[in-house]
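These notes are about the structure you will find just below.
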Amino acid sequence: MEKLQKPIFMAFLFLHVLILCVPLVSAGHDYGQALSNSILFFEAQRSGNLPENQRVNLVGGYHDAGDNVKFGLPMAFTVTMMAWSIIEYGKQMASSGELGHAMEAVKWGTDYFIKAHPEPNVFYGEVGDGITDHYCWQRPEDMTTDRRAYRIDTSKPGSDLAGETAAAMAAASIVFRHSDPSYSNELITHAKQLFDFADKYRGKYDSSISVARKYYQSYSGYGDELLWAAAWMYQATNDQYYLNYLGNNADSLGGSGWSMTEFGWDVKYAGAQVLAAKFLMQGKAKEHWQVFEKLQQKADYFMCACLGKGSRNVQRTPGGLLFRQRWNNLQFVTSSSFLLTVYSDYLTSTGKSVQCASGTAAPSELLSFAKSQVDYILGDNPRATSYMVGYGSNYPRQVHHRASSIVSFKVDKSFVSCRGGYATWFSRKGSDPNVLTGAIVGGPDAYDNFADERDNYEQTEPATYNNAPLIGILARLNSGHSGYNQLLPVVLPAPKLVVNKPTPAPQPKPTPSPQPKPIPAPATYSQITITQKATSSWNYNGKTYYRYSTVVTNNSGKTLKELKLYISELYGPVWGLTKSDNSYTYPSWLNSLPAGQSFEFVYIHSASPAKVSVSKYTLA
């Protein structure tokens, strides 16, 4: 992770074009393959001596992102979310043969946490530091940076770090409860000690481990982690103490007061609110039902904000992607999509919907929107780019990741020096020598633009907490898109007294969204065919936008050399062409099109398709 990770509300534009060779027919996504890839990424992030069954040649570490530091807070959140994914959708993972790999990924993290927790009130929360690490560009095998370990204890507390690690241990104990009861009990013991440590000795971890402040500062404080941990402790132990803790402290620690529009490694309130809503739906709130109803209202608020039906909604890109910040925005997309997915299944169990400021949202709407976000990540976006490395044909090739960008140690054992790595490997413009399969990179900006450049760490750096929530959603989508029951047996609370209300005045019917006009039949210009297709549409600020795919095919038996296209009635950005005066030609890296080959360009606007014609061409 490079530099500070916190929302910065600025917009910037990268004007890069896109070129894809056909065939470019999308018949839906292979969620099973994406799931396998996503879990495989965690093996590439492992740190330490690797086992014989290691499937990835790229020797990296279980680090947060593209560097070689072990940051405890995001690592613990990663493990919690992987465990939650398994708890909810483990059966679906098993049906695709990935459950064992997912459990191994969780255990790799919890084994490390056990080592880092040698005493009840001591936890080692970081190994290495960002300043010296980011000064160097080296493979993990060549590291010459400081590997000092930093800890929290009674004199230097860290309630957020200890609380999140307690949540990870508790969630993981559920994962291993049946397959390895002894290990599960060991995790519970550590979780209880860490929770007590976090609650009794309160303080922000980045005040005690100051080297983490520039990279993973706990802006939200520790109240959210204490509530989040209590919820997981209750799920893992069924101990009423933790449910009472959640009920008694939700108001004072902010859980019932904060209306959230984000969820991630720093801010856990929305996750705690969703779990509390689950307990309420299961009839477990008991004497705390009034507090838990407030928590459920906050969970509903989060869902409405994501759907665009709330009183304060999450911003979206023109292509429909949730947008929180320009730096590694996809972390918020995957974590929000996971909450939408599980909440959809919780609601399906009770037959309820979400009441938003702008109308009712059925459980299917939550799941459908989560699916749209996943599909965007996998390639259904204005750039037709997959933001999962190794998935599809058009994905990031210059990932901001040290081990991925430097030749494998197994191929070349020559030492890569601290600064030499920057000169030799970081600065090169070619594709990574090691494909970091499954990694979810930071993703596009507020306008759906993306620059595949190694030094563009805001967009091309991957992170474990981007992938962790995604594995659950992918398992869910791979098993089918319809809602199903996640909560039975459900004990519903007694019905509330119904008060007769006046019949509301009839509401006017909404004006239907304009539909694009039919696209004319393929235009043929002697030896060249141009076909257009509307591939997606979305609403943004009251307008309906359309993404059009245009494929140019050389039907001649010769190579198409010079090509000039004229486009009229174009009212938005275009990707995959180079502007030349009043016409368009190939992208800068393409100067001809062989016989029988095609290329695609895409454009977006809120109108019917543009008119594309060939103004000049030569064959050779």
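Glycine is no exception: its Cβ is also placed from the backbone N, Cα and C atoms.
Taken from TrEMBL as is:
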{"type": "ACT_SITE", "residues": "His400", "note": "active site"}
{"type": "ACT_SITE", "residues": "Asp452", "note": "active site"}
{"type": "ACT_SITE", "residues": "Glu461", "note": "active site"}
{"type": "COMPBIAS", "residues": "503-520", "note": "compositional bias 'Pro residues'"}
{"type": "DOMAIN", "residues": "528-608", "note": "domain 'Carbohydrate binding'"}
{"type": "REGION", "residues": "501-520", "note": "region 'Disordered'"}
{"type": "SIGNAL", "residues": "1-27", "note": "signal peptide"}
* Structure fact -> Rounded Cα distance, in Å, between Asp452 (active site) and His400 (active site) is 9
* Can you count the other CB atoms that lie within 10 A of the CB of Asp452 (active site)? -> 19
* Other C-beta atoms that fall within 10 angstroms of the C-beta of Glu461 (active site) -> 25
* Once the chains shown are all counted, how many other Cβ atoms turn up within 10 Å of the Cβ of His400 (active site)? -> 26
* Find the average pLDDT over the domain 'Carbohydrate binding' (528-608) in the predicted model and report it. => 83
* Take the C-alpha atoms of Glu461 (active site) and His400 (active site) and report the distance between them in angstrom, rounded. => 5
* **Within the domain 'Carbohydrate binding' (528-608), residues counted as helix, strand or coil by DSSP** => 0 helix, 51 strand, 30 coil
